[in-house]
Amino acid sequence: MNQEQMKQAFTDKYGAGSAIRVFHAPGRVNLIGEHIDYNGGYVLPAALEFGTALAVRANTDGMIRLASVNFPELEGEFEVDSIGSDHTGEWMDYPLGVMTVLKQKGTLLSSGYDLLFFGNIPNGSGLSSSASIEVVTGYAMLSMEQGHIDTVEIAVLSQKAENEFVGVNCGIMDQFAVANGLKDHAILLMCDTLEYKHVPFRTGQYRIVIGNTNKRRGLVDSKYNERRSQCEAALSALQPHVENLNYLAQLTPQQFDLLQVQIEDAIVRDRARHVVEENARVLASTQALQEDDLQRFGELMNASHESLRDLYEVSCEELDVMVEEARRISGTIGSRMTGAGFGGCTVSLVHEDSVETFLQEVGAAYEERTGLKADFYVCSAGDGVTEWK
Ligand code: ADP
Ligand code: MG
């Protein structure tokens with residue numbers, strides 16, 4: 001929906017009245033740098049061109065009304081003063097969580113608000129519709145309440161809302177990319193310090209094609225926690241031998257080659273190698289983008305997938321099949337799984353002349369080999385959260 005459609009839908013729902021403002025936050029895709037955020041290294045996400053729109057208007061009765069075109073049966077009404085105490089167990093916890101964190105930080109809502117959301121990011125497939133709805137809420141509320149908005153701060157408070165109010169143990173990357181995206185740029189982000197820079201992503205005749213495996217993700221949490229503790233084990237094994245080593249990603253691949261014998265367990269060693277090499281790949285990818293060397297970027301994407309599959313072991317048959325079929329298409333220069341793994345999405349860089357063939361052939365071959373129907377999204381890097389004016 002565009003701005004006018006959002007305003008119309010809002011008026012249909014809440015009635016005519018004073019001015020309605022419309023905000024938008026995108027989804028995001030991580031181009032490279034997987035399972036790096038909790039290991040103190042760099043990631044390279046980009047904001048997408050689709051996301052979550054929010055139409056909002058202050059009201060005079062001190063109520064927060066939450067509605068979403070995506071969940072017409074699930075609406076809520078909460079007193080401004082009670083924000084922080086109401087958990088719904090539904091989608092409303094995302095905006096309520098953000099409002100709760102704002103309140104904890106001393107930003108009291110000075111009136112009630114009517115809100116209507118509409119999103120076109122598929123939920124739960126790893127393109128971060130949750131970060132999108134959080135960030136758009138934080139940005140809109142701060143815009144309504146005060147002039148100055150710091151998008152880094154919005155990312156941080158959105159992550160806090162997801163961690164503490166919704167109860168999902170996510171890192172900062174998603175909210176950060178959604179809040180700070182820039183058209184035709186990727187974001188090189190150090191998750192630990194939030195140091196970042198926009199890297200030109202001049203895709204020219206290439207498009208980002210995201211493929212959703214539609215594989216139901218089981219066991220993700222336990223495997224994720226297992227990988228985290230394996231990284232901690234590797235770090236503990238190396239710390240006595242390296243001064244000031246706080247994170248695995250501080251090591252270069254060359255340093256790791258010399259040190260790796262200190263890690264006894266072969267599996268733990270593989271996990272650590274992935275982290276060190278993936279972090280180096282992110283930096284090499286950034287350089288490739290700065291030099292407009294998309295071929296090199298594609299090779300690094302491919303190497304990232306191999307490492308996630310063989311060393312970190314977070315891929316799955318569906319992701320591997322989709323990546324394999326994607327690489328069969330002559331216009332594909334790189335393809336990899338993206339996100340935590342065990343399902344979710346792949347990301348590929350595909351020449352625009354081959355996109356149609358890609359969608360048909362990869363879709364058909366994927367379905368034949370896995371019995372699942374894939375969804376595809378053809379996109380470019382878009383802007384971060386903004387007000388539609
Ligand atoms: P992901 O972030 O990968 O899309 P999550 O499970 O983290 O998946 O978040 C998806 C949830 O976010 C949805 O189930 C819903 O509760 C909430 N959400 C996202 N977009 C919207 C929307 N437009 N309207 C209402 N709720 C939304
Ligand atoms: Mg999410």
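Even glycines carry a Cβ here, placed using N, Cα and C.
What TrEMBL records for this protein:
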type	residues	note
ACT_SITE	D174	active site, proton acceptor
BINDING	E34, H35, I36, D37, Y224	substrate binding site
BINDING	S68, G124, S125, G126, L127, S128, S129, S130	ATP binding site
BINDING	S130, E162	Mg(2+) binding site
DOMAIN	8-57	domain 'Galactokinase N-terminal'
DOMAIN	94-180	domain 'GHMP kinase N-terminal'
DOMAIN	287-367	domain 'GHMP kinase C-terminal'
SITE	R28	site 'Transition state stabilizer'
- Could you give the maximum C-alpha to C-alpha distance in Å for the residues E34, H35, I36, D37, Y224 that bind substrate per the record? 12
- Pairwise Cα distance maximum in Å, ATP-binding residues per record: S68, G124, S125, G126, L127, S128, S129, S130: 20
- Query: Which binding-site residues from the set H35, D37, G124, S125, S128, S130 come near ligand 2, judged by a Cβ under 6 Å from any of its atoms?
  - Reply: S128, S130
- Keeping only the binding-site residues of E34, I36, S125, L127 whose C-alpha lies within 10 A of that of E162 (Mg(2+) binding site) yields none
- Counting only residues 6+ apart in the same chain, whose Cβ is under 8 Å from the Cβ of I36 (substrate binding site)? Y42, V43, C191, A249, V275, E278, N279, V282
- In angstrom units, rounded to an integer, how far apart are the Cα atoms of S68 (ATP binding site) and the residue listed as 'active site, proton acceptor'? 21
- Taking the recorded positions G124, G126, S130, D174, which residues show a Cβ-atom distance to ligand 1 below 6 Å? G124, G126, S130
- Message: Return only the integer: C-alpha distance in Å from H35 (substrate binding site) to R28 (site 'Transition state stabilizer').
- Response: 16
- CA pair S129 (ATP binding site) / the residue listed as 'active site, proton acceptor', Å rounded to integer, equals 9
- Task: Take the C-alpha atoms of S125 (ATP binding site) and R28 (site 'Transition state stabilizer') and report the distance between them in angstrom, rounded.
- Result: 11
